[in-house]
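Asks: So Swiss-Prot lists these for the protein:
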- Pro56, His67, Glu554, Gly555, Asp557, Gln558, His585: L-isoleucyl-5'-AMP binding site (BINDING)
- Lys598: ATP binding site (BINDING)
- Arg632, Gln640: tRNA(Ile) binding site (BINDING)
- Cys886, Cys889, Cys906, Cys909: Zn(2+) binding site (BINDING)
- 57-67: motif ''HIGH' region' (MOTIF)
- 595-599: motif ''KMSKS' region' (MOTIF)
Amino acid sequence: MDYKETLLMPKTDFPMRGGLPNKEPQIQEKWDAEDQYHKALEKNKGNETFILHDGPPYANGNLHMGHALNKILKDFIVRYKTMQGFYAPYVPGWDTHGLPIEQALTKKGVDRKKMSTAEFREKCKEFALEQIELQKKDFRRLGVRGDFNDPYITLKPEYEAAQIRIFGEMADKGLIYKGKKPVYWSPSSESSLAEAEIEYHDKRSASIYVAFNVKDDKGVVDADAKFIIWTTTPWTIPSNVAITVHPELKYGQYNVNGEKYIIAEALSDAVAEALDWDKASIKLEKEYTGKELEYVVAQHPFLDRESLVINGDHVTTDAGTGCVHTAPGHGEDDYIVGQKYELPVISPIDDKGVFTEEGGQFEGMFYDKANKAVTDLLTEKGALLKLDFITHSYPHDWRTKKPVIFRATPQWFASISKVRQDILDAIENTNFKVNWGKTRIYNMVRDRGEWVISRQRVWGVPLPVFYAENGEIIMTKETVNHVADLFAEHGSNIWFEREAKDLLPEGFTHPGSPNGTFTKETDIMDVWFDSGSSHRGVLETRPELSFPADMYLEGSDQYRGWFNSSITTSVATRGVSPYKFLLSHGFVMDGEGKKMSKSLGNVIVPDQVVKQKGADIARLWVSSTDYLADVRISDEILKQTSDVYRKIRNTLRFMLGNINDFNPDTDSIPESELLEVDRYLLNRLREFTASTINNYENFDYLNIYQEVQNFINVELSNFYLDYGKDILYIEQRDSHIRRSMQTVLYQILVDMTKLLAPILVHTAEEVWSHTPHVKEESVHLADMPKVVEVDQALLDKWRTFMNLRDDVNRALETARNEKVIGKSLEAKVTIASNDKFNASEFLTSFDALHQLFIVSQVKVVDKLDDQATAYEHGDIVIEHADGEKCERCWNYSEDLGAVDELTHLCPRCQQVVKSLV
């Protein structure tokens with residue numbers, strides 16, 4: 001007989017190496033074959049629901065790490081809630097309309113001019129659906145579970161119909177109206193442009209300083225004072241209606257050779273230099289805050305028009321005078337601030353960039369040519385203080401490479417002002433993980449202007465608006481609902497396939513159309529209105545979901561995006577927020593915190609991580625991040641994540657190997673009869689479980705990541721599993737001491753696998769499939785471990801022991817360095833009380849100390865002589881163990897004997913081997 005044959009060594013088919021890139025797809029195929037998503041729902045049918053509503057990613061392009069971070073975080077939550085017994089359906093969605101898809105088709109060589117609008121839209125739809133299939137495959141490869149066979153898609157007829165109904169209800173409440181707003185306009189293309197169609201090039205522009213006389217001082221400034229503005233677009237001066245100052249900036253009234261000028265104090269030196277003022281002749285006469293200057297009235301330099309002094313937070317001290325020329329018809333900030341003061345929107349420029357009749361003496365001039373005419377007139381009026389030329393970065397049309405302008409054109413708006421307070425109240429009633437999230441969306445809603453919902457494109461949901469012969473707008477409940485019904489049946493392409501009269505209810509008449517002819521709106525809706533309608537198109541429409549959702553979770557850019565548009569349309573139509581709880585995550589940066597870009601060569605994409613390391617590594621990385629802020633990823637970070645994964649995997653494998661001959665139904669030891677050390681570990685498991693459950697509840701995955709490592713390293717690897725080898729391998733198979741440990745080991749393995757399951761979805765499933773006697777076919781169909789009250793007194797006692805054990809380990813390390821011993825089993829440890837700790841009394845209640853310390857002999861005495869080393873928990877002496885080494889267990893003994901041909905066996909091993917002979 002060989003010694004090895006008498007040992008109970010670990011046995012498991014669970015491989016040491018993960019091989020995740022190859023193994024994970026096999027596990028996923030099994031899940032799909034078993035329809036695990038619906039099985040999990042069926043298991044919890046009738047239970048309390050939890051709805052995490054998916055914000056739809058855009059259906060264009062490959063997934064980036066931000067997509068992975070987002071979907072994996074959502075998967076953590078939904079899987080955890082499912083394992084807690086909630087009915088938690090997860091319906092992924094896609095946003096499919098908008099300019100990028102139009103651009104993508106153009107890049108692919110699709111010539112829009114050679115086909116009808118309806119045909120072009122059909123190609124857009126085909127492209128979007130192709131992109132969805134690609135992204136869907138990649139999301140599933142990350143281990144994300146959801147109803148991917150029936151996702152929601154914003155181009156589906158039923159979704160578009162729901163969106164139209166929201167529009168109609170808002171229109172019914174007077175929240176939809178038509179007005180003018182400045183947009184990027186390309187005179188060379190004669191069309192409006194989206195930001196994505198803008199590129200920046202250097203341009204030489206006039207730089208002018210202009211004086212505006214005070215007309216009504218409001219008792220604040222001197223009546224003969226002048227405001228100085230600076231602009232690089234002289235052609236917009238005819239559209240000036242205001243001067244904007246920052247409410248919190250300090251402004252000064254400066255006397256310069258008898259002239260009184262008002263500018264920001266922080267810019268006074270720069271202005272003096274630009275205008276060649278003699279510094280000796282400059283005198284600061286008065287000081288104001290921008291707030292105090294509000295509502296002072298200035299006079300337009302050459303038109304019979306007032307220019308109101310107003311407040312705006314967009315004013316900076318980076319350049320200029322701190323007094324900003326404001327023309328709401330030609331600037332985004334100007335328009336937004338102008339809305340607050342109900343300023344007129346003047347934009348006397350036509351589609352070709354030429355001044356209209358409204359431009360007065362500049363009529364017929366191309367805007368760029370008008371620059372000289374305007375500066376000449378300002379000089380004539382004595383208002384031009386300085387003309388110069390600068391070269392600066394300026395927006396150009398990406399197609400024609402020609403400069404663009406801001407030009408006010410008719411647009412459709414959703415009124416924010418009428419529902420702003422209701423939205424703010426809804427935000428107050430919404431829960432947030434962090435207060436700054438609430439502050440962020442609250443301030444955005446509080447400060448935002450009206451919502452421009454129209455776009456001059458073709459790939460989107462048409463605005464369901466008609467016009468009578470006399471130009472009157474037709475947007476009634478009857479007409480809008482009829483369009484919604486048509487879209488539900490045929491899709492929105494019908495708008496581009498039929499005449500206006502065929503889109504109106506049968507027999508529809510209107511006093512503005514005596515001849516019965518109508519036209520239809522050509523603009524489409526902003527894509528944020530599309531995705532912002534998902535609470536109606538998805539939550540209220542799908543039977544397994546419900547409104548409002550329990551949770552929305554997206555990137556922090558969605559405070560101004562989807563979070564904002566969703567709560568706006570929901571409050572406007574339903575009076576409540578569409579989400580009860582809001583959570584956001586940061587962006588994914590490289591290892592140094594820099595933005596990823598191809599030019600820097602620092603881009604890491606999900607596909608690369610999955611193919612090289614596996615989805616579970618990507619998921620473990622997500623759990624390791626403080627996702628509320630921006631997170632970092634690099635090859636080095638992923639290597640560290642892989643190292644942590646390896647440690648987790650090997651620990652689970654060790655436990656699997658050592659419960660291979662254990663049946664919990666027949667071999668378990670009742671808790672009251674467990675060895676105390678096993679009861680300690682059982683209570684530590686309960687403590688770890690309670691903490692992990694609490695962290696899942698609070699979405700604190702970084703805590704889980706850290707505590708899993710701590711539990712594995714400190715409690716298991718450094719102590720329990722190391723201590724356990726002498727029992728699991730050496731003791732008799734059915735001995736009480738071995739079964740006691742296996743009882744707890746099995747519990748740790750099962751509970752840890754469950755607790756890790758939402759994060760390491762594939763590995764947990766693999767462990768489960770190798771765990772004997774588990775009841776559920778999949779760990780993902782099991783329930784989370786229950787939180788059980790711990791025996792605090794026992795934990796406190798053993799924590800003290802573990803501190804004492806640390807002292808013993810330190811003493812062993814010293815003895816090893818001094819060549820007193822080699823391995824710890826060569827040691828004999830003597831422990832005595834000292835002034836700091838009564839070790840001899842404390843240790844009386846502990847059995848098998850030599851096993852707990854992993855040494856051969858332990859002696860506890862009241863006192864030791866001066867040769868002992870004093871530690872926090874007693875005086876300790878390390879000597880070489882007495883006797884000789886047992887050839888089977890490697891413990892030292894003075895009573896070695898033989899059984900059959902096996903010699904050098906300690907008494908314990910003699911007894912075990914005899915039972916095998």
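Cβ from N, Cα, C; glycine included.
Remember, predicted model here, so these are calculated numbers, not experimental data.
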Asks: With H, G and I counted as helix, E and B as strand and the rest as coil, say where DSSP puts Gln640 (tRNA(Ile) binding site).
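Replies: In the DSSP reduction, Gln640 (tRNA(Ile) binding site) maps to helix.
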Asks: Under 8 Å between C-beta atoms and at least six apart in sequence, can you list the same-chain neighbours of Cys886 (Zn(2+) binding site), or say none if there are none?
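Replies: Tyr892, Ser893, Leu896, His904, Leu905, Cys906, Cys909 - these are the non-local Cβ neighbours of Cys886 (Zn(2+) binding site), listed in sequence order.
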Asks: Out of these binding-site residues, Cys889, Cys906, Cys909, which one has the fewest other C-beta atoms within 10 Å of its own C-beta?
Replies: Cys889
Asks: Say you check the Cα of Glu554 (L-isoleucyl-5'-AMP binding site) against those of the binding-site residues Lys598, Arg632, Gln640, Cys889; which is nearest?
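Replies: Checking each of Lys598, Arg632, Gln640, Cys889 against Glu554 (L-isoleucyl-5'-AMP binding site), the shortest Cα distance is to Arg632.
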Asks: Could you check which of the binding-site residues (Lys598, Arg632, Gln640, Cys889) sits closest to His67 (L-isoleucyl-5'-AMP binding site), going Cα to Cα?
Replies: Arg632
Asks: DSSP three-state call for Glu554 (L-isoleucyl-5'-AMP binding site): helix, strand or coil?
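Replies: In three-state terms, Glu554 (L-isoleucyl-5'-AMP binding site) counts as strand.
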Asks: Can you tell me how far the Cα of Arg632 (tRNA(Ile) binding site) sits from the Cα of His585 (L-isoleucyl-5'-AMP binding site), in Å?
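Replies: On Cα coordinates alone, these residues lie 12 Å apart.
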Asks: In Å, rounded, how far does the Cα of Pro56 (L-isoleucyl-5'-AMP binding site) sit from the Cα of Gln640 (tRNA(Ile) binding site)?
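Replies: Rounded to the nearest whole number, the Cα-Cα distance is 32 Å.
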Asks: With every protein chain in view, how many other Cβ atoms are within 10 Å of the Cβ of Gly555 (L-isoleucyl-5'-AMP binding site)?
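Replies: The answer is 19 other Cβ atoms.
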Asks: What counts of helix, strand and coil residues does DSSP assign across the motif ''KMSKS' region' (595-599)?
Replies: 2 helix, 0 strand, 3 coil
Asks: Relative to the mean position of the Cβ atoms of Cys886, Cys889, Cys906, Cys909, the recorded Zn(2+) site, which additional same-chain residues have Cβ within 8 Å?
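Replies: So the additional residues around the site are Ile730, Glu887, Arg888, Trp890, Asn891, Ser893, Leu896, Leu905, Pro907, Arg908, Gln910.
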Asks: If I take the alpha carbons of Gly555 (L-isoleucyl-5'-AMP binding site) and Gln640 (tRNA(Ile) binding site), what is the distance between them in whole Å?
Replies: 25
Asks: For Asp557 (L-isoleucyl-5'-AMP binding site), which of the binding-site residues Lys598, Gln640, Cys889 has the nearest Cα in space?
Replies: Lys598
